Amino acid sequence: MAIIEPVKQDPLKPSVTRTYPLGIRLWHWLNALVLSGSLITVLINSTLLDRQSASSLIMSVETKGGAAVTADMAKNIAHELEDSVWDVHAYIGLALVALLIFRIIYELVQPVSQSLFKRISLAKLAMKGSGEERQLAKHDYFVKLIYVLFYIVLLVMSVTGTALFFKRNIGLSKAFSHQIKEIHGACMYAVIAFIIVHIVGVVLAERKESKGIVSDMINGGGN
């Protein structure tokens with residue numbers, strides 16, 4: 001499990017505590033908030049507002065209240081509620097797209113020494129060393145590769161989500177929209193897997209030699 005644990009030390013300078021720029025910290029927490037909101041909307045629609053379950057509940061509640069509600073009326077109400085939540089999901093998705101664009105721009109304008117891909121290449125070179133430096137570099141290299149995969153998944157999810165949002169404007173066929181939706185859904189599961197791995201890694205790190213890594217992501221670290 002050690003491979004998924006973030007570390008406080010800079011793997012390229014083991015004697016130095018890693019620092020996190022303000023831009024990265026803002027992106028990290030805003031991205032976490034937006035992803036959480038997105039996943040919550042999916043959870044709501046797949047459980048509370050599942051069309052069959054929701055329509056049955058609506059019929060039960062309305063009937064007890066003395067209202068005459070047919071099965072079709074209940075299904076239409078459930079469908080409208082579900083669509084309302086998907087609308088929220090879509091706008092949250094646009095916020096995620098904006099954050100991804102910010103992250104890409106930030107990667108391009110930040111100092112080269114802090115660039116993700118530069119640090120990956122430097123970590124790969126440092127893996128040729130020995131002792132603690134080699135172990136830290138190896139760890140950082142694989143963690144960074146996981147981040148790259150995460151960014152790729154976010155990119156695919158953002159592109160497919162945007163395509164679905166504007167499907168009428170760009171004239172997507174129903175069949176093609178369904179295929180895009182399948183890819184979009186698969187990305188969601190990949191994101192959930194990453195979140196679980198990331199949280200487990202952080203918890204393990206906090207319990208070991210990297211205690212305080214969460215507060216570092218809040219205040220910038222370096223202490």
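Each Cβ is built from the backbone N, Cα and C atoms, and glycine gets one as well.
Nobody curates TrEMBL annotations by hand; they come from automatic prediction.
Under the heading domain 'Cytochrome b561 bacterial/Ni-hydrogenase', TrEMBL lists 20-220. If you look up TrEMBL, you'll see 26-49, 88-106, 145-166, 186-205 marked as transmembrane segment.
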Stretch with greatest number of CB pairs under 8 Å, the transmembrane segment (145-166) reference, 26-49, 88-106, 186-205 candidates: 88-106
Positions on the same chain near the transmembrane segment (26-49), where near means CB under 8 A and six or more residues out: 20, 78, 81-82, 85-86, 88-89, 92-93, 95-96, 99, 102-103, 106, 188, 191-192, 195, 217-218
Confidence summary for the domain 'Cytochrome b561 bacterial/Ni-hydrogenase' (20-220), mean pLDDT rounded: 87
